[in-house]
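These come from TrEMBL:
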type: TRANSMEM; residues: 15-32; note: transmembrane segment
type: TRANSMEM; residues: 175-197; note: transmembrane segment
type: DOMAIN; residues: 182-226; note: domain 'TM2'
type: TRANSMEM; residues: 209-231; note: transmembrane segment
Amino acid sequence: MYWCLPLRISVRDSIILILLVIFNTIHVTDMANNDMDIQSKQSKSKDENASKLVNFSGSDDYLKNCPTEENELNCSELNYPCVTCDRSIDCIYGAVENYTCYVKTKVICKGARTFNKTALCRFCYQTDKWEYRCDQKANCNSLASPMKYYLTNCTVSDDIICLGKRRFLKKIRCSWTAGTRWGTALVLALTLGGFGADRFYLGHWQEGIGKLFSFGGLGVWTLVDALLIGIHHLGPADGSLYI
């Protein structure tokens, strides 16, 4: 009959065994990390090479508004986005400065492709209100007191030369119309105001129903609404302006 003798390991052997396990684990981890780094570098190089080979058509979008065939247009008559004009930002604000303009590639025109233009030294967001157009929003009250403003994107006109980005954010007054006519509302208030026609036309349905069943507040409500519409104090229910 065999007896299982206990396995005796000295303290020194145990320490050596633990150290070997730790070193082996560290070595395996380092190898795995190295493999991951190599793979990431290879993938990056592949992406860079691929990006060099890809031809993005979006870079030629400006050609939609520029001449690409023989014509009688001089290069100096072209505007943005057909040309790019440069000027140092150290110019004096408001002073007339010279801008060096370059015709973009693939744009066909007559004359020198590099020319000078004179314009005021200013950033695009400093242009006057008639020199840019803004995206209008119709979700605010144009008749609110105090006046309400909203932040929107504005774009400088193509014939304006300025510094910086041509598209910028600007805070403008809430001012929009849905096609409601002031003259029509006033005529309805004076003629059919007793039946609430003016209130219905402006979109104030609840007041219109109340005005209808009260016969215009026995004439008082009719006169008040005609006066409020006449001084532009009573407007469309959606917050828009008259036209």
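Including glycine, each Cβ sits where the backbone N, Cα and C put it.
Remote same-chain partners of the transmembrane segment (209-231), defined as residues 6 or more beyond its termini with a Cβ less than 8 Å from a stretch Cβ, comprise 182, 185-186, 189-190, 193-196, 198-199. Broken down with DSSP, the domain 'TM2' (182-226) shows 39 helix, 0 strand, 6 coil. Summed and averaged per residue, pLDDT over the domain 'TM2' (182-226) gives 90.
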